[in-house]
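Structure first, then comments.
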Amino acid sequence: MRILGIDPGLTRCGVGVVDVYADRSARLVDVQVVRTSPTAELHHRLLAVGDGIEELVDRHRPSVVAVERVFAQDNLSTVMGVAQITGVALVGAARRGLDVALHTPSEVKAAVTGYGQADKRQVATMVARILGLDELPTPADASDALALAICAGWRAGMSRAGIAGTQAPTRTGVASAADAAAGAGPTAAQAAWLAAERAQRGRR
């Protein structure tokens with residue numbers, strides 16, 4: 001399954017594309033940060049980010065678009081920008097008939113690190129391990145978008161048997177968390193995510 005993750009932001013919008021396989025391994029396809037100038041008119045900024053997201057969607061043809069769920073912040077202008085870009089992303093996905101997954105930051109952190117309060121460096125470190133990258137993805141918008149894609153792919157994989165393909169191509173000499181996960185049931189991070197999901201359902 002190909003997932004396109006979006007870390008929404010008006011100045012910097014991270015977009016990460018990941019292939020997730022039936023053995024829960026994952027492969028990096030692409031990662032970009034769509035940028036706009038803070039001095040530009042709002043409608044031009046929204047159009048620029050929307051065009052950037054849609055260009056990547058059309059290029060990579062994902063099955064699912066995963067977007068960070070908006071949550072309250074002290075900085076009203078920041079949360080408004082995030083909400084506006086989220087709307088742009090959702091419209092683009094709907095226009096193409098794509099499934100959408102919304103995840104809170106704590107859900108994503110729990111999925112990839114096993115800890116819902118992990119900091120950005122911990123998230124980036126685990127994303128690099130899962131994808132078998134030689135360096136941490138930067139900036140944080142990029143690693144957050146990839147983490148969203150991984151989280152959505154693992155959730156889809158645990159909700160139905162088999163995702164796209166059987167096993168990711170092997171990268172010689174690169175150790176990753178996915179290697180230990182292959183064929184061995186949920187990883188520790190996935191198990192933590194499942195526990196968090198069950199706890200959330202219990203509070204509803």
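Cβ from N, Cα, C; glycine included.
In Swiss-Prot this protein carries:
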- Asp7: active site (ACT_SITE)
- Asp7, Asp141: Mg(2+) 1 binding site (BINDING)
- Glu68: active site (ACT_SITE)
- Glu68: Mg(2+) 2 binding site (BINDING)
- Asp141: active site (ACT_SITE)
Between the Cα atoms of Asp141 (Mg(2+) 1 binding site) and Asp7 (active site), find the distance and write it as a whole number of Å. 6
Near Asp7 (active site), how many other Cβ atoms are within 10 Å of its Cβ? 28
Other C-beta atoms that fall within 10 angstroms of the C-beta of Asp141 (Mg(2+) 1 binding site): 25
Close in space but at least six residues away in sequence, with Cβ under 8 Å from that of Glu68 (active site), the same-chain residues are Ile6, Asp7, Pro8, Val82, Thr86, Leu102, His103, Thr104, Pro105, Val108, Asp144, Leu148
